[in-house]
Structures are given as structure tokens and as C-alpha cells.
Amino acid sequence: MAESTNMRLRLPLLCIILEVILIVLFGTLVEYNDDTDAKLWNENRNHSATRNDHENEFYYRYPSFQDVHVMIFVGFGFLMTFLQRYGFSSVGFNFLIAAFSLQWATLMQGFFHGLHHGKIHVGVTSMINADFCTGSVLISFGAVLGKTSPVQLLVMAIFEVTLFAVNEFILLSIFGANDAGGSMTIHTFGAYFGLMVTRVLYRPNLDKSKHRNSSVYHSDLFAMIGTIYLWMFWPSFNSAITNYGDPQHRTAMNTYYSLAACTLATFAFSALVNPEGKLDMVHIQNAALAGGVAVGTAGEMMLTAFGSMIVGFLAGTISYHVCCCFIQDTCGIHNLHGMPGVLGAVVGSVTAALASPEVYGHGLQRVFADVETGKWNPQSKGGFQAISLAVTLGMALFGGLITGLILKLPIYGAPPDTQCFEDGLYWEVPGEEESQHELYEVATSNEVEKLSS
Amino acid sequence: MAESTNMRLRLPLLCIILEVILIVLFGTLVEYNDDTDAKLWNENRNHSATRNDHENEFYYRYPSFQDVHVMIFVGFGFLMTFLQRYGFSSVGFNFLIAAFSLQWATLMQGFFHGLHHGKIHVGVTSMINADFCTGSVLISFGAVLGKTSPVQLLVMAIFEVTLFAVNEFILLSIFGANDAGGSMTIHTFGAYFGLMVTRVLYRPNLDKSKHRNSSVYHSDLFAMIGTIYLWMFWPSFNSAITNYGDPQHRTAMNTYYSLAACTLATFAFSALVNPEGKLDMVHIQNAALAGGVAVGTAGEMMLTAFGSMIVGFLAGTISYHVCCCFIQDTCGIHNLHGMPGVLGAVVGSVTAALASPEVYGHGLQRVFADVETGKWNPQSKGGFQAISLAVTLGMALFGGLITGLILKLPIYGAPPDTQCFEDGLYWEVPGEEESQHELYEVATSNEVEKLSS
Amino acid sequence: MAESTNMRLRLPLLCIILEVILIVLFGTLVEYNDDTDAKLWNENRNHSATRNDHENEFYYRYPSFQDVHVMIFVGFGFLMTFLQRYGFSSVGFNFLIAAFSLQWATLMQGFFHGLHHGKIHVGVTSMINADFCTGSVLISFGAVLGKTSPVQLLVMAIFEVTLFAVNEFILLSIFGANDAGGSMTIHTFGAYFGLMVTRVLYRPNLDKSKHRNSSVYHSDLFAMIGTIYLWMFWPSFNSAITNYGDPQHRTAMNTYYSLAACTLATFAFSALVNPEGKLDMVHIQNAALAGGVAVGTAGEMMLTAFGSMIVGFLAGTISYHVCCCFIQDTCGIHNLHGMPGVLGAVVGSVTAALASPEVYGHGLQRVFADVETGKWNPQSKGGFQAISLAVTLGMALFGGLITGLILKLPIYGAPPDTQCFEDGLYWEVPGEEESQHELYEVATSNEVEKLSS
């Protein structure tokens, strides 16, 4: 049994093959864009007297990118360290599949979102988009956490990134949908994809590992590092790829208020559902974030602080009322990403349908270009937003089904039912602290001495 | 007794009522400002050929805002995790009262700092200001840490935010005082307010919980996360709302040098006051930050790197010489925020009195608009700075007294004297690690076996 | 023996003397630069109708500065907390020597890089440069970690900062070398300096402390905080002081891809070299970062994403094949900074030699000003890059030798061989957790009771 989980050949082989493929494809397909290429940027500058270095997209987007980057690697990574014996895997596998996904996503998104003379153009915006797609994979990782080998996770990432790019292409390029913060493309997609995968991989005998499927005191504090970083930087996440100026500013602010309102709802319901009125770290770690998910679509619109707070409060509330425990959703991604993502899509649809030139003025084209040009009226725009949600759900569930079936093949070294939620299977785990051993030894020998005398 | 601390009704009720009030008031009073409103921003842009998106205040302020946001939620939150059994409450209650305070502060500050046709206008600057006000509440939280229920903390926040806004209005709007980094408005106010509250709530029998009022090895490392984040981002804190250009740049740099000098003083005195010359984590966690507090007022002035380092060194030094242990100041906020805040106010007053057009040139109006217009001479300006300190101290002590008396009412579920500094009262706390149990069981049974045979 | 490590007089005396010297030198030599001085900035603005606040270097550089600052204090500090009983010292001494080094570096770099009428001009760029130089000292700290007193570390910093500034002056000002991310000046220099110091301080009896020279479960998680922050912010590190516009944008992106490719190589080889195919935290914590080091020189050039990924993959690979254990390199800096630094220098040299106006267009002068002006051709430019590496290696080894000999003097309170890797020597270390004691007591007394009955 131990042999079957041995990663000595499988993991290196897969990593090296994937990286070689990535390098070859990047060499063939990827080029600097106008803002990163030495020749192009400086030519363009010379043609326009007013174009200055501060107009390079780097200065508009890079601070947001770094915040998003922290969410992907520290936020998601540490959020999942709550399990008592799975901290190395949570942070480590998060690191591995994120590093792979962002490269693969650059290619897939570049391919679907428009080639330039057969080439993919990259810059800070493509980096943010790649991180976004990676976020979707990490959401799904939360559902299967503790029950999958790193090889399975990489295989999942290959499929999920690809389908993410297809779904994003349909929504953004074909339907012209708005979804800057990814309520649909990232959260709904990642959640239902992951839930379907974990359902297909259902383990009837997972109870054999249930004593490890819980937190300890310090692991909950490590998880709070993840929670707080996700919470703080969510305004940057939702605003990272909106249009410059008022939309970016407004999105960050709407998200800020939504999250604050959501946090009060979270504490309220966490105490309310506990017989002794005690707060539960699992709730705080997850539900407080729902407010960011739920304004992922409408955040860039004229939702107002008032509207954002209502949405945030609702998001924090519904996070308590839908449980998917029966499908072995380790991290509770249905509560954190699934339901709030759907809520976000609905809010986005309604807010879009209410858009008007009276409210948006000349700013209408920066949020709803298709409405401003008269291609669509606000109602049909809202309708397309709703259809986008339906397509996302379909793609996620179908993709998750296929991917789950592929991951079921017994060739990836998945952990046996008795060894789930355990770092020791895939990691060299150090011994206990010297001081604790000493403490024990000193104390025991004292007792033994007393008894013997 | 256990019943009296049950939060099942009290906390949800208070959270929900507060959030509903906030939502109603936001719906009635709050509007997007010129830089966040789709219509207003794009109208203004069209009127001015040179006004471009990069001039939106978002790009000047948002990176600073995010650094401040990290200080509020990670910095303050983790700084207080040093207690061995109070990590959940430190990070968790910090999260709750900060999420509430920033909403309430937006209203209170908006109301006092100037309505626009009866409306409060919000944007990134109001977000920073709300976070600043929240910081003040979290400073006070440090004094009462471990001895208060979450309901008490929310009630304290309601009053403190309100009085903070009044005091800030008097200082900034009436006296025209300079205090960009909040030596007075944030640190002095928060510290003396909190010290008065904890004095009023004095517990003669707190010794019953003293075995929990100390750190353990890992809790001190978690606390260092908080310390280091506060230390690193303090330059952003002090410069977040100064004028654009040289003042913002200069403030960040002055703070950087002050903190560096302060850190050397901290290590020096920590070793010096210990009989064996050993360093103490409590000192490092707190005193090293005093240098940021002490240049909170003068940082934007032409203090020079030289002056900043002297102030920082002094701040690190005085942090060791004034103890307020007798009033049960859990986190030592008198050393970290109280004394350095007063020092910062004095330094600000002196530096303002020395301002001259020779030193500041055309930049005078960006730091001391009232001096440049001739409304005040530098000396009277310095005088107003000193009066501002006195008013702040008065407001803080009086406000803390009233608030403390209100918090003394036996209706909030405060912890009994024997259960202070204990997470288990308000949180579901997970068991110990499996591995430790196992370690113990294996070892003990071995010993027992040996003995029996 | 215990007495000889007492820091009560030595550390305070050294800290205070150093800080007083720093303050005096800053008072004599340091002035605000054009972008931080109230008079100069506002005069310059008035002369040019188009010069606006957003052109202040603060807005181009400050977000990068803060990312670098996080790497220095959180990244390096927590990376070294992997040792089971050395967390206080890792974070704490890192904090102390960084706070000193950044002040001393400001003076040394200011002196060597060009005085303005006898004065050193400071602004955000000098802050970044000072942090860079500090990074070099912290790399060396990694080699001697656990075996040195804080006094020794400060003395090391005095010499290393000075020699760093001399080496940097030779490379950048005399040879006109490119090294924006410091593959040579920071990583190669810091690594070989530190390796030589630790070689000179070689302890034949270090085995007496070897039981503490390893990690425990939670210390490895704290170390991952350091790793991940270094990894995430490395794009900011390499791009922080490149020219505005395309070079800054391109450098960040090249580093992003190099790190991602490096991470896959790291996981592959970590599993491959382990007999059971288990991943090792030591590898992940270190090798995954080599990709950032290795594009420190060439990152700003037209290396392309493709080239960056190849370099990153190679960097992750060589990190496994060269071990310097025999010279007691605690943190493995040879693998993380030494070899990748040399690789980075070679890549930089080759990439520079291939530069051409066809590829760079008008952007050539922003990366290779000396080539654009015709002073050098690309090949001679590449040659100078290679000579720069040789000079750096020589300076580092020679400087490390001298510094090591000075540190060998028995006056600094170095730990005895039996007390290495132990916080208790220089820190007040708190007791164990109450809960563990209780757990033990309860359980033991139960057993004892059973036995007695």
C-alpha cells in the first residue's frame, strides 16, 4: 500500500514533462506586449508627445497584481492549513499547482482571448488573469483537500485551467458579460467543478481518517493568516482588471463595504447556531469572505456602498444555511465560493439590468460598452449575465464530472482511506520538539521514581 | 457563572441591529465622491483636456491604503496573539470590532468633516480615514485585552469612534492642526481612552487568571508577525493622507529612519534592563514600534532624516521608563502608543514652530496652508499643535471614563476573574494534537508496563 | 561559560555607540533629494508646466519598495525560523541587523555612488538600495545562523555593508555593469562572503548541538511564511530600481515566469532524490527561490518569458547538486544564493552580449546606455558583465576572510558548541503551554492512580 503512494518517479516525471511542454509552447507562442517590449513601448512613446512612462499599464495594475498574488499563494495556501496534520501539503501543494497553473493559464487564456498574428501577448494584465484562473483551481483543491496526491492535483489543474479558459471565452468574448471579480468565472466555476470532482471521488470509508479531519489550536491560527489576507486584499482582487479610473476605484470601495458587513453577519450567525453561543473558527475563516465573492460581478457597477453592504450581509448569512458535507467538501467551498458566487452572479445580472445613462453618464461605456453603443439594452444585458451563470454551472459540473472520472484511475498514488489528511504520506515530517520529549521524560521519571520508592 | 458569559443571543442581536442601522444610514447619507462616481469622474475628465485616469486619487492612495489595511487586520490582530490561550480572541475580536468600526467611522467622520448637500462623499481617502479611526479603537482594545466580552468591545467601539470623530474635527477642522500620521488623534487618543477604560474596569482579583497572562514560544512568534507588519508598513501609515508629492514621499522616508533608529534603542535597553542581559520579546514586540508613533505628526514636515532618527531613538528609550502595570494594561499600550504619542505631539509642535519659507519654499502651503496664507505665524501654529495635544488628552480621558462606567454594567457577559485571557469562554477550542496524545500514551504505557513487570 | 555570553553590557554599548555615530553622520552628511525636499520639488514643478505630482519618483517606486521591505523583514526573518529552538533569534536578530544595516548602507552607498556638493541625497531609491544591501547581510546571516552572538552579527554587518558598497561602486559606476536585481552585487556577494565567514568560524565540535539543528512541524510552517513572501515579491525585488516603463514591467514579468518554472523543478527533484519519493521542506523552502536569484541580472533585458523559464528551471535544478555542508552553512545559502547568483551573472553576461538595436529599438538606451552611445559594443559589454562576477567573487571571499578572522576574537560572547541553535542563550524564553502541562499531569496521575490501586 505504501508503495502505491510513492511519488519518486510519478511526480518528477510529470513535473518535468509539463515544464518542458510549457517552455516549448512559450518559446513558440509567447511575445512581450506593447507595454513590456523594449522596442514597441519606446516607439509608441515617440509617436505620441503626451504618452509618458506613468501611462504604462504596469503602474495602473502592478500593485493590484501583487495583492492578488498574495491571495493566491499566502491566502489560499494558509487558509487550508487548518487541518492538524496537513499543513505542509496545504501550503506546499497549493504552491506547486499554482506555479503550474499560472503558466498553463497564460497559454490557454492567451489562445482563447485573442492571438496577435498567431502570438500570445503578455504583460501585467495577463499575469493577473493567470492568477485569477489559478484561484479557480485552488478553490477546487479545497474540496478534495487531504484526499488526493500531488499528481492527481496537477492532472486536475490541466483540465480545469483549460475548461476555465473556454468558459471565460464564452462569457466575456461571446456574451460580452461583465465579471471583473469573477463571481461566475472564478468562484462559481471553481466551486462547482471541485464539488463535482470530490463527489465522483467519494470515499465511503473516509471515516477511517476522521480523527485527522479537524484542527488544533495553532493550525487554526495559521489558517487565520490565510483568511485575513484574503479578506484584506479582496478589494484589489475584484478591481484588478476593471477599467482604469472610476471603475477600479469604485470596485475596491464596494468590496470593502461588502466585506465589512459580511463580517458582522458572520459573527452573529456563528454565535447564534452554537448551543452555548460560542464562536467557531471554521465559520470565521470562511463565511467572512463570502462578501468579497458576492460583489465579484456587480462591484464595478454603481452598486453603491449601501447596496454592497446588503449583498455582503446576505452573503454572510446564506453561508450558514447550505451544507454540502455529504459530498465530502473538506474546506466547505460550497459555502465560501459556491453559493456566494451564484448570489454574485444574480446581483450582477440585476444591477446590469438597472443600468442607465442617467446614473452612469459618460461613464457608461467604461462599464457597459455594449449598452452604450446601443448593441444591447440594459435588460438584454442583464439577461446575458443570467445566461452566463447557467453556462458556467453547466461547464463546471460537466467538466468536474469528466475530470473526476479521469482522476479515479488507480495510477496517481492517491492516499488510502486510512491515510487521508496526513502529511507523512508525501512529505518528510520532522519529529516532535525536543523540549516536549524532555518535558515528558523528566515528568514521567519523577512519577515513576516516586512510585518505586 | 458560565451562563452569564453566553453570547448566543447578545452578540447576534447586537451585530445584526448595528449592521441594520449602518445599512440604513449608508442608504440615506452616503454617496460616491467625484473620483468613484461613474458620471462625475467622466464629466470632470471631459471638461479638462489634461485630466487623465492616473490623476484619480485611487492611484495616489490605494497602495498606502492596502498597507494601512494590513496593519489594522494583521498587524494589530497578530500583535495581540502573544497570550498563550487568547489567540482566537485576539485575531477574531480584532477582526469583528475593526469591521464594525470602519463602517461606523465612515459615517461619523463624514458627518463631522463636512457634508456635501447633506451627503457623505466616500472614496479611498475616507477608507484610509476609517481605518485610522479603527486603529484607535484597536489600541484601546490592547489595554482591555483578555478581560472583556465581544459585546463590551463593540459597545466600546461605538463610543470611541464617535468621540474620535469629534476630537479629530476639533483638531483638524477648528484648530487646523497637522497630524497626518495621528500621533495625537490616533495614538494619544486611543491609548489614554483605553487606559482610562481599563482603569475603570479594574479587577482586584485578576491574579486568579495570571497563569494565562503570559506567552508561550509559538504565540510569541505569531505576535512577531504582527509586530513586523506594523513596523514595515508604518511609513505608509504616516504618509497615507498627506498631500501628494513631496510631503507623502518625505513622510514615508522620515518614518523609515525613525523606526530603524528606534529598533537599535529597543534592543539596547531590552538587554540592559535584564540582569542576565537577555532580550525580552515583550520589549521587541512593542518598543520597536514607538518610532513610528513618535513621528506621526512631524513626519510630513522638514524634520530631516537626522531629526527623525533622534526622535526614533528617544521613543525607543522612553518606552522602557514608564510602566502602567498597576492599571492592568494588558498589551502595554502606554509604552507603545501613549508616551510615544505625546512625544510625537511635542515634536510636531516644535517642528511646526520652526517652519519658515526659507526651508519650505513654495512647498510651505502644502504642509502649513494656514501659515502660508498668513493666517497664523509658525509660533502660533506650534501653539495650536500643543493645545491640540491637551484637548486630545482631555477628550480621551473623559471619554474613557464615561465609556468605562457604561461597560461596567453587568449585562455584557464579561469573563469572570478566573476566566480572563482564555479563548474557551467565547470560542469552540479544538483539542490537542493527536500526535501529542499518542506520544504521551505510548510513552506512559511503556513506563507503566516496565513498572508492572 | 554562561557569563561569557552575557549581552548586558556589550550589546547595549555597541547599539548605542553605533546609533549615535549614525545620527551624527546623518546630521552632517544627509539631505533630502529633489523629490523629497519641500523647496526643491515645488520649485522644479513651477519651472515645468507639465511636471506633476504623479511624476514624483515616490509613485513609481514606493509600492516596489514596500514589497522589498517585506522580503527583508518578513521574508528573510521567517525563512530562518525553521530551526526548532531558534525562532526568536531568527526573526529578532534579522530585525536588529537589518535596522542597523539599512542606516549604515544609506551612508556607505551615498558616499560611494556620488555626493552632491559633499552631501548624500536620499529618497525612495536610496531606501530601496539600502534594503538591497541589507539583504546581502541577511544572506550571510543565513550561513552563520545559530552560531553567532548578536554582537558578532552587528560587527559582521559593519564590514559587509562597507565592502558591499565598494563592490557595487566598482561594478555599477566603474564597469557600468547591469545588475538591477543584484545576482552579483547582492546574492553572489552575500553568499560567498557568508560562506567564507562561516568557514573561518568552523566549529569542529558543532555536533554537540546537532539535536537542535533541525526543524519541527510548526517551525517549518513559520519558515514557509518567509519562503512564500520572498517568492511572491521577487518580481518587485528585481524590478525595483530598473528604469521606468518597459524595463520595470518586463523585469517583473520575467521574474514571475522564472520563479514558476523553478518551482516545478524544485518539486520534481525533491521527490526524485528521496528514496521514498517524499518531498522535503528544506528543498521547497530554498530551491523554489533560486529562480528569482538567477534572473537578477538579465531580468530587465529582452530575455523573454521563454528564456526566463529555462533559466528558472536550471536554477531549480542546480540547487540540488552542490552541497556545502562541510563548511557548516546552516541555511544552505550556497544553494539558494551562491550558485543561482553565479548562474544569474553568466546569463546576464550572455544576454547582454546578444543585445542589438534590432531587438531593443529606441529602448536600447534604457537598458544599455553605454551600448547605445557607442561607448561599448554588446560583446565588450558582455565581457564587463563577466569581469564583474569575478571581481564580486574576489571581494566577497577576501572580505569574508578578513571579517571572519575579526569575528574569531573571543570578545563577542559567541555561543559555546553545546549551546548553538538555542534561543535561551540570548532571549528570555517563556515556559511551555499550560494545557500541555495539564494534559500531562492529568494523564500521569490517572495512570499512577490505577497502578497504586
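Please read every residue number as a count from 1 along the shown chain.
Cβ atoms are placed via backbone N, Cα and C, with glycine included.
For A:53-409, the entry in TrEMBL reads domain 'Ammonium transporter AmtB-like'.
The transmembrane segment annotation in TrEMBL covers A:12-30 (among others).
Sequence annotations record features per position, and here TrEMBL assigns transmembrane segment to A:68-88 (among others).
Under the heading transmembrane segment, TrEMBL lists A:95-115 (among others).
Sequence annotations record features per position, and here TrEMBL assigns transmembrane segment to A:127-146 (among others).
Among residues of the same chain six or more beyond the transmembrane segment (A:153-175), those with a C-beta under 8 A of the stretch's C-beta atoms are 14-15, 18, 93, 96-97, 100-101, 104-105, 108-109, 111-114, 133-134, 136-137, 140-141, 144, 184-185, 189-190, 193, 197, 384, 387-388, 391-392, 395-396, 399, 402-403, 406-407, 412. Residues annotated as transmembrane segment in TrEMBL: A:153-175 (among others).
Residues 132-133, 135-144, 147-148, 156, 160, 163-164, 167-168, 171-172, 237-239, 251, 255, 292-300, 324, 327-330, 333-334, 336-338, 340-345, 347-348, 388-389, 392-393, 395-397, 399-401, 403-405, 407-408 of the same chain, all 6+ positions outside the transmembrane segment (A:181-202), place their C-beta atoms under 8 angstroms from a C-beta of that stretch. Look at TrEMBL and you will find A:181-202 (among others) tagged as transmembrane segment.
If you look up TrEMBL, you'll see A:214-234 (among others) marked as transmembrane segment.
Here TrEMBL flags A:254-275 (among others) as transmembrane segment. For the transmembrane segment (A:254-275), the residues of the chain that approach it from at least six positions outside its boundaries are 181, 231, 234-235, 237-239, 283-284, 287-292, 294-295, 298-300, 303-305, 307-317, 319-320, judged by C-beta separation under 8 angstroms.
Positions annotated as transmembrane segment by TrEMBL: A:287-311 (among others).
Marked as transmembrane segment by TrEMBL: A:386-407 (among others). Away from its own ends, the transmembrane segment (A:386-407) comes close to residues 140, 148, 152, 155-156, 159-160, 163, 166-167, 170-171, 175, 177, 179, 184-185, 188-201, 342, 345-346, 349 of its chain (Cβ-Cβ under 8 Å, at least six residues beyond either end).
Counting Cβ pairs under 8 Å to the transmembrane segment (A:12-30), the top-ranked stretch among A:68-88, A:95-115, A:214-234, A:287-311 is A:95-115.
Predicted-model confidence for the domain 'Ammonium transporter AmtB-like' (A:53-409) is 95, expressed as mean pLDDT.
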